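**Student:** Relevant sequence annotations retrieved from Swiss-Prot are reproduced here:
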BINDING   Gly15, Pro16, Ala17, Ala18, Ser19, Gly20, Lys21, Gly22, Thr23  ATP binding site
Amino acid sequence: MKSFVVAPFIVAIDGPAASGKGTLARRIATHYGMPHLDTGLTYRAVAKALLDKGLPLDDEALATDAALSLDLLAMDKAVLSAHAIGEAASKVAVMPAVRRALVEAQRHFANALPSSVLDGRDIGTVVCPDAAIKLFVTASPEVRARRRFDEVLARGDTADFAEILADLKKRDERDMNRTDSPLRPAEDAHLLDASEMSIEAAFLAAKKLIDHALAQHRG
């Protein structure tokens, strides 16, 4: 009798900053009991490693060394969510060698597990192009800026809405126009516009797609 290996069931969720993809990914992971990796945190962790050592953010060799020694299980979302770290992360994220190192680590995470949920900017296109289900979550810049603004206020920090909106638009342009792994939906991705959709509505839409894909995966 022939033996065969069942491919891991991977849910790939992509989208621009503050689109709600992370919240949706966590909701899906919790519902299905799947391990979750926020790949954006990996870039933030590299940036923090450089900042902690007082190293320059524009040195690709140093940033790549930090990426290669990164422990995915040691990342602290609360610490890495700081605005300054996010700004620093956007600088190291454009470095091809850093992206290659982190993509390899992210891919290993997904392929080493029976099932997983990964969210980021290039999961369905680069990290896990063979993912069982691909979602691309988007929302208007204004809606995303309002969400980010509310998040900052909820943490007890001060924020300027116009500044956050300008930063998001700048990040969108950088993400979509970079030569290595630009932000774009995979050809077979399901689009979810969360501009006027609650997280629960987005989850229910995603759940319907995932349940169908799971049934096919299990045969």
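Glycine too: its Cβ is placed from the backbone N, Cα and C atoms.
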**Student:** What count of other C-beta atoms do you get within 10 angstroms of the C-beta of Thr23 (ATP binding site), across all chains shown?
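**Tutor:** Thr23 (ATP binding site) is surrounded by 17 other Cβ atoms within 10 Å.
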**Student:** For the recorded ATP site, whose residues are Gly15, Pro16, Ala17, Ala18, Ser19, Gly20, Lys21, Gly22, Thr23, find every other residue on that chain with a C-beta no more than 8 angstroms from the centre of their C-beta atoms, and list them by sequence position.
**Tutor:** Leu24, Asp119, Val137, Ala139, Arg144, Ala194
**Student:** Starting from the Cβ of Ala17 (ATP binding site), draw a 10 Å sphere and report how many other Cβ atoms land inside it.
**Tutor:** 21
**Student:** Taking the Cβ of Gly15 (ATP binding site) as the centre, count every other Cβ atom within 10 Å, in any protein chain shown.
**Tutor:** 27
**Student:** If one looks at the chain holding Lys21 (ATP binding site), which residues at least 6 apart in sequence have a CB under 8 angstroms from its CB?
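**Tutor:** Those within reach of Lys21 (ATP binding site), by Cβ under 8 Å and sequence separation of 6 or more, are Ile13, Asp14, Gly15, Asp119, Leu135, Val137.
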**Student:** Let me check the 10 A CB neighbour count of Ser19 (ATP binding site). How many other CB atoms are there?
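**Tutor:** So the Cβ neighbour count for Ser19 (ATP binding site) comes to 26.
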**Student:** Give the helix, strand or coil assignment DSSP yields for Gly15 (ATP binding site).
**Tutor:** coil
